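**Q** So that we are looking at the same thing, I have put the structure below in structure tokens.
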Amino acid sequence: MAAALASSPLVHLSTSRLRLPRPRASSSSAPGCSIGVCLGWRLKVGWRALRRCDRLRCFSTDGDGVEEGEKRGEEEASATAAPAPDPAPAETQNPGVSSEPPLLSFSVDNIDTVKLLELLGPEKVDPVDVMAIKEKLFGYTTFWLTKEEPFGDLGEGVLFIGNLRGKREEIFAKLQRQLRELAGEKYNLFMVEEPNSEGDDPRGGPRVSFGLLRKEVSEPGPTTLWQYVISLSLFLLTMFSCVELGIASKISSLPPEIVSYFTDPNSTGPPPDMQLLLPFVESALPVAYGVLAIQLFHEIGHFLAAFPKNVKLGIPFFIPNFTLGTFGAITQFKSILPDRKTMFDISMAGPVAGAALSFSMFFVGLLLSSNPVGASDLVEVPSQLFQGSLLLGLISRATLGYRAMHAATVSIHPLVIAGWCGLTTTAFNMLPVGCLDGGRALQGAFGKDALFGFGLTTYSLLGLGVLGGPLSLPWGLYVLICQRTPEKPCLNDVSDIGGWRRTALIASVFLVVLTLIPLWDELAEELGVGLVTSF
């Protein structure tokens, strides 16, 4: 452990003895600073250490740090009270000796690494407050406490396990009110399912326990300036990728050398002049505007659902993608959710809004594609595009007809492309995995344990290419890197959300699967969706 600490970028220690300036004497410093490590200093080992300077004490592995520190403190106090001697003349001082204040030295052997790591970790619950909570909150009329366990990601909180003595919602509201009266806004109280419970509560539902965490540990941090900069940069990149998607939709009219350079893997020679694409930028804007409008509408749905519930959301981080224009956006919760029903409603609001606008564009675009009056606005796309989705391919086949679909290219309105991309992106975000919208909704409806099982199934289907076709691999990597962690528990992480919400989620997941499953060759040839040359 000492070797690992010595290589840490926060505290650079070596086997040789280090020399640090002696801290100035101050009436506000903590007593007991010794030859070990005086944590009352402004030792910059981490930002968490500065927040707890008033609570810090010295520690040493030899066990003599406190006594030596007290003796040193008494000596410094007596030295402060005695008159200071006159400084020696400069000419009488020994040459080569520095006039700076003396330095303290210590080695790795004098450091209690366990206590130092505790200092750098999250702030724990005060034991004095725990005793007061046990005495004044819990009892035979509310919650009969039987034992305690660590709570939180790093055990920084306390989990109270016992027997509930009433309706869980009423008891929880009463305990929250009493906790605010006792400790103010210092802590957050969570009602969670009892871990490793042997059975359900006699009153119905799962057995519950209560977790206690400090607010600064359990609540999300504020949005920083760098996050705003990153969000703006990603949005600009997403605008560029949407314009690129609009240009790619004009593939039948693009210069042949550019199409060959980007589509032929055996293409050799210098890259073509990209200025040849400038005349196509203006005609690509309708598709770009459509894709961006869908994603903005998606985010507005989240914010409209969060506002009446007093839930704060962070700024969206749009993820550019050159195949669909965008992979959607990452939007974090900036406040603790009160219950699982709130988590479900906010998570589902965005996909419902985005899917509604996407399907409107898609269906209107199909109607305009079959109308010969607007033939000048149509673009030709490969018919294999419609084989990428079972549900959307069948809708397109029913609307455009066999003759239009059973060809090498299909003339469609730009709204079809925007709607298709929007529906595909919405379906990907509704997959029940991690902290995607679908993962959050599933966690709110069935709990975190169910999300773990559905997540493994989703990863397997993406890895096998069953969902999403050629987009399954990049989307799976995106989820693993950015969205794999489940959402944090709600304050009330036990109460049921109702049957109709679960039914709506199941129906949504079913539509998601139909949207992301590609049309296999035999069915595509039988329905006349594109030209299939081999089986």
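Each residue, glycine too, has its Cβ placed from N, Cα and C.
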**Q** State the residue range annotated as transmembrane segment by TrEMBL; the candidates are 349-369, 391-411.
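**A** That would be 349-369, per the transmembrane segment entry in TrEMBL.
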**Q** Give the range, chosen from 32-51, 412-431, that TrEMBL lists as transmembrane segment.
**A** 412-431
**Q** Apart from its near flanks, which chain residues at least 6 from the ends of the transmembrane segment (502-520) lie with a Cβ under 8 angstroms of it?
**A** 344, 348, 351, 386-393, 423-424, 427-428, 430-432, 438, 441-442, 445-446, 466-469, 527, 529
**Q** So if I exclude everything within five residues of the ends of the transmembrane segment (412-431), which remaining residues of that chain have a CB under 8 angstroms from its CBs? That is, six or more out.
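**A** Contacts with the transmembrane segment (412-431): 245-246, 249, 286-287, 289-291, 293-295, 298, 324-328, 350-351, 354-355, 357-366, 368-369, 374, 377-379, 381, 385, 388-389, 392, 396, 400, 437-439, 441, 458, 462, 467-468, 471, 475, 479, 508-509, 511-512, 515-516.
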**Q** For the transmembrane segment (451-481), what are the same-chain contacts with Cβ under 8 Å, counting residues 6+ beyond its ends?
**A** 319, 321, 323-324, 327, 388, 424, 428, 431-434, 436, 439, 442-443, 513, 516-518
**Q** Six or more residues beyond either end and a Cβ under 8 Å away: which residues meet both conditions relative to the transmembrane segment (349-369)?
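**A** Hits for the transmembrane segment (349-369): 290, 293-295, 297-302, 304-305, 331, 377-378, 392, 395-396, 399-400, 411-423, 425-426, 429-430, 437-438, 508.
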